[in-house]
Amino acid sequence: MEGPLSVFGDRSTGEAIRSQNVMAAASIANIVKSSLGPVGLDKMLVDDIGDVTITNDGATILKLLEVEHPAAKVLCELADLQDKEVGDGTTSVVIIAAELLKNADELVKQKIHPTSVISGYRLACKEAVRYISENLIINTDELGRDCLINAAKTSMSSKIIGINGDFFANMVVDAVLAVKYTDLRGQPRYPVNSVNILKAHGRSQVESMLINGYALNCVVGSQGMPKRIVNAKIACLDFSLQKTKMKLGVQVVITDPEKLDQIRQRESDITKERIEKILATGANVILTTGGIDDMCLKYFVEAGAMAVRRVLKRDLKRIAKASGASILSTLANLEGEETFEATMLGQAEEVVQERICDDELILIKNTKARTSASIILRGANDFMCDEMERSLHDALCVVKRVLESKSVVPGGGAVEAALSIYLENYATSMGSREQLAIAEFARSLLVIPNTLAVNAAQDSTDLVAKLRAFHNEAQVNPERKNLKWIGLDLINGKPRDNKQAGVFEPTIVKVKSLKFATEAAITILRIDDLIKLHPETKDDKHGSYENAVHSGALDD
């Protein structure tokens, strides 16, 4: 009779692995929990080479953690997904997912099958999304620009720039509106990547500025070049303009010394011909990711053109998109000849080198294909500037989402409290096992208002109880349905009408975080077996070099 199948590794199954996964998820959530809300605290992360990052952003914290546990990795990837999809709500999505898992584990311990819990969670998530879209949405058209500013301020309130929320909120809204364009379907689009953010340490936060145009952190290649060009025709090149040298390994046998001079002359002429082809199309601004040597700069100075070298590839792509230029990595065409055509040029009203703050920058203004904007951030040190950039990115994404979806929901725990009451009542109408799972889903959502209150040093039990009472009244009594806008005022420690207070979040942030958190919790909940293989050991006859020396294997 054959023995049991042996697996070359560790295997844990059933309740043990489920408890491990829940603990791993809870420990990840506990790391970011204290950073949630307008009075959340920051984290300092030091990597293996000593680089320091100080941040409040959930996605950044989890990205910099080196997590080994596979279930914990799921939550780290979840925060990253929320950051890419929506741009905000990364901390809350992880906290909700961990709480859903914890409560699901309690149910499983009470002998309720994970499949029943999973179907209950899916049903609860679907109902929650439907309830938000039918009852909690505020249309932005009735609120106008103030709504955008308030949504940006809500996003910034927990960040380092929250203290200057009014100043930065206006800057962010202006920047997003400046890069608006209409796509082929006639839909307005707001590409956040078109807003270039530059950082310069020194001065205070409020000396940051918004510039109309794309700001390049470069200067012209030579002092003899013009510093301002009107009606610019821009060539975007992804190669160096330097004297052509023959590749290593190429051997040329010469009998006549004059031939050597001819070869050197031809090397110079190849680059000169390329530059002449570019200038012949009317190009007067040349941007390249590579270098430009002195010989080539001379031709540009004589032609009165502006040449900029060592432009970042990222910046070059954005400028090409904004101006309508083509990025060329070579001038060679399909026939093997080198050509450059006028259609490859981008256009802008003006390209100018200006001194802004303490540095010289090149500004590309009023580009032809799309408009662009740049924000120059000032701060006390590099850590502060980096965190300001992350905060602004979140705020830009929030404003973009509000403009595209044209709807917001009240913040400050209002949505979670309303959903919790609704789902509890909904659970009692279910006559199946899913009832318990839906009730636990409802209880899990209260982790957000609870955490907000705890981080603000308030009595969370008292505050959340009051909040639930208001929302219960709003849902039971149709005459008092305006109470559904009630959320937490964390500074004064009492419930308030967050619609009047202007605490708004994009609807998509709430909807996506609910969906993502539910899916992540379900993914981890389905796991009931973990097999961890042992690392493979190489069958080396002599082992290391030292062992080989001692064994005499190297003597032959």
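Note that Cβ sites are derived from N, Cα and C of the backbone, with glycine treated the same way.
Record features (Swiss-Prot):
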MOD_RES   M1  N-acetylmethionine
MOD_RES   S6  phosphoserine
BINDING   G37, G89, T90, T91, S92, S158, K159, G412, E505  ADP binding site
BINDING   G37, G89, T90, T91  ATP binding site
BINDING   D88  Mg(2+) binding site
MOD_RES   Y181  phosphotyrosine
MOD_RES   K199  N6-acetyllysine
MOD_RES   K400  N6-acetyllysine
MOD_RES   K494  N6-acetyllysine
MOD_RES   S544  phosphoserine
MOD_RES   S551  phosphoserine
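With respect to K400 (N6-acetyllysine), the closest of these recorded positions in Cα terms is Y181, chosen from T90, Y181, K199.
Compute the center of the Cβ atoms of G37, G89, T90, T91, which mark the site for ATP; besides them, the chain residues with Cβ within 8 Å of that center are V32, S35, L36, G58, D88, S92, V93, V94, I95, S158. The most crowded of the modified residues listed here (K199, K494) is K199, judged by how many other CB atoms sit within 10 Å of its own CB. A strand conformation is recorded for the residue listed as 'phosphotyrosine' in the three-state DSSP classification. When the binding-site residues G37, G89 are scored by other C-beta atoms within 10 Å, G89 scores highest. When the Cα atoms are compared, G89 (ATP binding site) and Y181 (phosphotyrosine) turn out to be 26 Å apart. There are 23 other Cβ atoms within 10 Å of the Cβ belonging to K400 (N6-acetyllysine). Around the residue listed as 'phosphotyrosine', a 10 Å sphere centred on its CB holds 13 further CB atoms from the protein chains shown. Between the C-alpha atoms of G37 (ADP binding site) and Y181 (phosphotyrosine), the distance comes to 33 Å. K199 (N6-acetyllysine) and K159 (ADP binding site) have their C-alpha atoms 17 Å apart, to the nearest angstrom. Secondary structure from DSSP puts G37 (ADP binding site) in coil.
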